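Asks: Handing you a structure now.
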Amino acid sequence: MTVLLLVVLQMWKATAGHSIAVSQDDGADDWETDPDFVNDVSEKEQRWGAKTVKGSGHQEHINIHQLRENVFQEHQTIKEKELETGPKASHGYGGKFGVEQDRMDKSAVGHEYQSKLSKHCSQVDSVKGFGGKFGVQTDRVDQSAVGFEYQGKTEKHASQKDYSSGFGGKYGVQADRVDKSAVGFDYQGKTEKHESQKDYSKGFGGKYGVDKDKVDKSAVGFEYQGKTEKHESQKDYVKGFGGKFGVQTDRQDKCALGWDHQEKVQLHESQKDYKSGFGGKFGVQTERQDPSAVGFDYKEKLAKHESQQDYSKGFGGKYGVQKDRMDKNAATFEDIEKPTSTYQKTKPVERVANKTSSIRANLENLAKEKEQEDRRKAEAERAQRMAREKQEQEEARRKLEEQAKAKKQTPPPSPTTQPAEPKTPSSPVYQDAVSYDAESAYKNSSTTYSAEHEPESGYKTTGSDYQEAVSQREAEYEPETVYEVAGAGDHYQAEENTYDEYENELGITAIALYDYQAAGDDEISFDPDDIITNIEMIDDGWWRGVCKGRYGLFPANYVELRQ
């Protein structure tokens, strides 16, 4: 009971001082039904919300298919308007059919355009600007590139500079080198006069005003009359419009037009003749035709495919014989550059000598000495053979000259003497010449027999003719005569046999193409251009031979066989 009383007291305290007014509405209820309302909503529409009822806040469900169709139609109309009103993509690409070259975009390229790519760093010739390939093309040398002969001139230190230059040299007597701003002890500076000492009459006609040439241009005298400008009401504004009466055309303003001026209005777009530039009305005025307008007979030349292009241009033509069309940078197969070798002979590391290696070294030294001795013997024999051949040729030439002199001194053969059998020479050419001389002598002797009873003068004439004929034949046959000394062929044959035996002793030889250092005790080392002898081809990749007095294995692809 006490609790209930406390609650009532609290509620009374809360409502104390507040007046609560309740409004009573006597109007119609919001939930009253309209007397004219017709409930035309079916049970299905009411349940699924398929119809909109005004005032109820209930909306009809959305038809997705109809919405999609409406959106598509609106999108099509918007796109058509944008295409009609917006910028056309064909402008700048040659027009509608791509033939209006004057409207083509400069940055638009066709299918025939070939972009020039920059070369890779491995293909760029970096020697340009440094004198070419061998550094001798001075016209291509970079201006900032200096060679080893360049000597840079460094600036002198402040303590090394000669500061007397510009002051007349070391002793001050070189007047042409004196600094213009440097003055000597004889210089006298002129100080400016004070304001009270200046003559201000200059520029006003001198001291008495009679020096007209010294009068200031802006200084006027008492006789000067200044002309003041007229007032706006006193100015004559007809100037520039033909004067007072408009008849002075030379004073008329160029921009001022009269009543007789007829302005030529620009034609409307529908009145302009757009046939100009396309050959006129009938397309036959070629001088008025637009250069970028092409007709139906125009055939555009397309760029050839990569497989159809002739890449032989610049390399001497199709068969490489047109030297005037050859590329300057194109090298032929005969322009073979010989590689320069920067090879330095390496010294093989000698192994620790032991008993076996010392014995082997002794044997190798003996073989090397033998090879050098054989080479010296062959060179000595070759020199002796050349000397003997030269001596024998000199003796044969001397004998031939003696025989020719003896023939000239001997008289013609007598009829009683029998012809002696001529010696058979070793040379066939010399044999023919001697037989020809003997035959001619026999004929001359028969002529002498028939002319026994003739006078002695005829006989002498015949003898002189015979000597002339013999001398002529000797002159003809002497340069072509070939001599052989008896026994020389056998001697040459013996020497050739000696060389064959020497070559057989060396066996198969080869020359080294590269350097090779022995990797083991059973291998040999050699340098480029060394000769390897007594080669045994024990395998396709490894052979055995002698080089520098050592016998061992070496790779076969490092050497080249000698013929």
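Including glycine, each Cβ sits where the backbone N, Cα and C put it.
As the structure is a computational prediction, the values presented were derived from the model and not from experiment.
Positions annotated as coiled coil by Swiss-Prot: 349-410. Residues or ranges marked as compositional bias 'Basic and acidic residues' by Swiss-Prot: 366-405. The domain 'SH3' annotation in Swiss-Prot covers 505-563. Here Swiss-Prot flags 331-477 as region 'Disordered'. Feature annotation from Swiss-Prot assigns repeat 'Cortactin 4' to 200-236. According to Swiss-Prot, the repeat 'Cortactin 5' annotation covers 237-273. Under the heading repeat 'Cortactin 6', Swiss-Prot lists 274-310. The repeat 'Cortactin 7' feature in Swiss-Prot is assigned to 311-333.
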Asks: As a quick check of your reading of DSSP, tell me how many residues in the repeat 'Cortactin 5' (237-273) are helical, how many are strand and how many are coil.
Replies: 3 helix, 0 strand, 34 coil
Asks: When the domain 'SH3' (505-563) is classified with DSSP, how many of its residues are helical, how many are strand and how many are coil?
Replies: 5 helix, 27 strand, 27 coil
Asks: What is the average pLDDT across the repeat 'Cortactin 6' (274-310)?
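Replies: Across the repeat 'Cortactin 6' (274-310), the average pLDDT comes out at 76.
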